[in-house]
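A quick write-up on the structure given underneath.
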Amino acid sequence: MDAQALVLELKKIAGEDAVRSDEPMAAHTTFQIGGPADVFVEPRTEQAVCATFMLCRQADVPVRVLGLGSDLLVADAGLRCVVVRLAENFATIERQGNVLQVQAGASNADVAQVACAAGLAGYEFASGIPGTIGGAAIMNAGAYGGEFKDVAVALRCLTPTGEVVDVSAEEAAWSYRHSMMDAAGYVVLAATLRLTSDNPAVIQERMDDLARRRAEKQPLDMPSAGSTFKRPEGHFVGKLVQEAGLRGVRVGGAQVSEKHTGFLVNAGDATAADVCALIELVQERVYEHTGVQLEPEVRRWGFEDEER
Ligand SMILES: Cc1cc2nc3c(=O)[nH]c(=O)nc-3n(C[C@H](O)[C@H](O)[C@H](O)COP(=O)(O)OP(=O)(O)OC[C@H]3O[C@@H](n4cnc5c(N)ncnc54)[C@H](O)[C@@H]3O)c2cc1C
């Protein structure tokens, strides 16, 4: 199937206005970096999500699923594939007692806010993680002592062979920033979260406190993808980077944050190549200085040496 025919078929599945060509990924990543994706789709229903993936797989066209792009570095040359974005268009949140049924595109902030208004506690930890439920599920997002696995009881997923399956918490095999779904190439469609009853004012106060702590420590006024490196056992990345004398160091428009040295930020017109060069520089200097090998946490799309 040629590119034009693919776009026509995708428009039949997802709707005329839900499919675009040459979509700049800089507009869909919190780093505000990344060249164009050949085809970009934002389906609105589970049926359309599944049909989109199946069409791409049958046509042997590479396809990727995107949430809010808050853990991604996309190459300057862009992506020769179909990007399926599950965010605002696929974001219903339904309450049944202490349980929330949430579509994958709902943002953590919205889920936390709906839970709070309903007097449901347990998702406060994620209120400031700027991604979707799908992104949180795939990598067991966590903050301030809470992790996605603490509240998720089941997921609904699309498998690479086109089956829609229910995945229990046990099957999800969540560990630090990892899950079975990630390893197996599942698309997360929805999650079931079990929360506990509490006073909305008290829940809101906990979220406000976490927001204050984030704003104090993190460079939230600059584009980034959060912590750039995974936390090495027994160390804090920020401290290692600072001790290696790298606070504020720049490569092109990419910079080690002055405020939190575990964050690399886009200090203005950074390219993906700048960020990659800075990642390598930080890895080298930290290794020379401490013997600790830092491993990127941010996922890299469209690079020759991409691992996942
Ligand atoms: C300022 C800032 C602070 C942050 N703080 C934290 C923090 O405290 N804790 C933390 O864990 N993370 C943090 N992050 C990183 C990021 O927000 C999380 O990793 C988040 O879970 C990513 O979700 P996303 O929707 O943005 O995913 P994306 O960045 O869009 O995608 C990331 C990966 O998830 C996959 N994915 C997305 N949606 C789905 C889906 N529906 N099905 C299958 N795969 C999917 C993508 O294919 C990709 O591999 C922070 C980021 C920023 C910018």
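Glycine residues also receive a Cβ, built from the backbone N, Cα and C atoms like all the rest.
Whatever TrEMBL says is automated annotation, not expert-curated.
As written in TrEMBL, here are the features:
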{"type": "ACT_SITE", "residues": "ARG177", "note": "active site"}
{"type": "ACT_SITE", "residues": "SER227", "note": "active site, proton donor"}
{"type": "ACT_SITE", "residues": "GLU297", "note": "active site"}
{"type": "DOMAIN", "residues": "32-198", "note": "domain 'FAD-binding PCMH-type'"}
(Q) Tell me the Cα distance separating GLU297 (active site) from the residue listed as 'active site, proton donor', rounded to the nearest angstrom. (A) 7
Q: Determine the mean pLDDT over the domain 'FAD-binding PCMH-type' (32-198), rounding to the nearest whole number.
A: 97
Q) Could you tell me the C-alpha distance between GLU297 (active site) and ARG177 (active site) in angstrom, no decimals? A) 9
**Q.** For the residue listed as 'active site, proton donor', the three-state class that DSSP assigns
**A.** strand
